[in-house]
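Some notes on the structure that comes next.
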Amino acid sequence: MKDYLEIVDVVARQILDSRCFPTVEVEIYLEDGTIGRAAVPSGASTGMYEAVELRDGDKDKFLGKGVLNAIRNVNEIIAEELIGCNVFEQTYIDKMLIELDGTNNKSKLGANAILGVSLAVANAAANSLDMPLYRYIGGVNSKVLPVPMMNILNGGSHADNSVDLQEFMIMPAGAPTFSEALRMCAEVYHTLKKILNDKGYSTGIGDEGGFAPNLKSNQEALDVIIEAIGKAGYKAGEEIFIAIDAASSEYYKDGKYVLEHEGRTLTSAEMVDFFEDWVNKYPIISIEDGMAEEDWEGWKLITERLGKKVQLVGDDLFVTNTERLEKGIDLGVANSILIKLNQIGTLTETLNAIEMANRAGYTAVVSHRSGETEDTTIADLVVAVNAGQIKTGAPARSERVAKYNQLLRIEEELNDVAEYRGRKAFFNIK
């Protein structure tokens, strides 16, 4: 097997993401003619500790959202250092990119510039070996297909409606295979659309493909999902479970949780009561960002109360950052980390975060962003690290479906070796 192949050219360009904003795409050219390509996603609700996404700020072009400065950083600064490097030295290249930037949040070159290069390098290396990306990243034991954490109802900053919480999702943990899990989700999605139509609600969709109706309350979102699961022919709490992304940092103001659409302002303890009440009433298996990113005491409380029976995912809390994750582990908060490549900015740092989480007994959920492209790297990544869970939107909008379709291909390729862990993917809760 090859172990040395030089990078001969690096090209970055500005393309559009699924929200019609510019993003960075990078191509890496190798001496044998191989090309590797990667496109970078972008978030709507972002944690304050995320690596910095470099935007131009020129209001005359793309409302200030252009990424030409990030493109220039790749084509001029990064390319000069990268050309001549061995494409198989991923760790060395990522370290070089971090040092070239020189800041603790990648604000000089931009995490979008750095991530585009990091992922394109990995894709180029895999392509040169004629090897699937998941196999190149993860090795021979990469075989676990993920349980989808599928967004079917949107609220918060992902939709323009009356729901405070950001995402209501379904997880087919009772399915026997990934392909069956996807079918179950698709059927619930279509059933939910009919239910919403029959109730006179809009079936317009949000950034991630979930429906965004003007429901009367946050709880009504759970009720219509339970109805959809049943009418689709499945048992809630046995075959299909509910997951929530509360994105609570978005409505955390002056130390309180302000649920504007419900006209309620809650303390941390009351917010935990709010979720505990839901967990007792509904088959909720996972809550993401139930507490705000700076509410460490709230996180301690929700972990003490719910951490043995519900997956508590830190997204804004951890931002795929090993320093934040280490603090959380030391404090005993949450029991899972959401993995978003662009929160930290390189493949190596992402893999380090997953490894740290696994060592501490935390689950890892590999995730998309609300602004996505047709890039399917995260589908390969989730299999590469045997994470067992993926969050990549509804079975609608092609930038979301692209990831699911790639996972179907991987499942087919792995054939009898493919493993769908279902309920066992939640190994640290009862």
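Backbone N, Cα and C atoms are what each Cβ position is placed from, and that goes for glycine too.
Swiss-Prot names ASP245, ASP315 as Mg(2+) ligands; from the candidate set GLU220, GLU270, GLU276, GLU288, the record adds GLU288 to that same site. Swiss-Prot lists GLN166, ARG369, SER370, LYS391 as (2R)-2-phosphoglycerate-binding residues, and of the candidates LYS199, LYS340, LYS424 the one it assigns to that same site is LYS340. Under DSSP, GLN166 ((2R)-2-phosphoglycerate binding site) is assigned to coil, being neither helix nor strand in the three-state scheme.
Within 8 A of the CB centroid of the Mg(2+) site residues ASP245, GLU288, ASP315, the other residues of that chain are GLN166, GLU167, ILE244, ALA246, ALA247, ILE287, ASP289, VAL313, ASP316, LEU338, LYS391. For GLU288 (Mg(2+) binding site), other Cβ atoms within 10 Å of its Cβ number 28.
Considering only the residues assigned to (2R)-2-phosphoglycerate binding, GLN166, LYS340, ARG369, SER370, LYS391, the longest pairwise Cα distance works out to 17 Å. With respect to LYS340 ((2R)-2-phosphoglycerate binding site), the closest of these recorded positions in Cα terms is ASP315, chosen from GLU208, ASP245, GLU288, ASP315. Taking Cα separation as the measure, GLU208 (active site, proton donor) is nearest to SER370 of the binding-site residues ASP315, SER370, LYS391.
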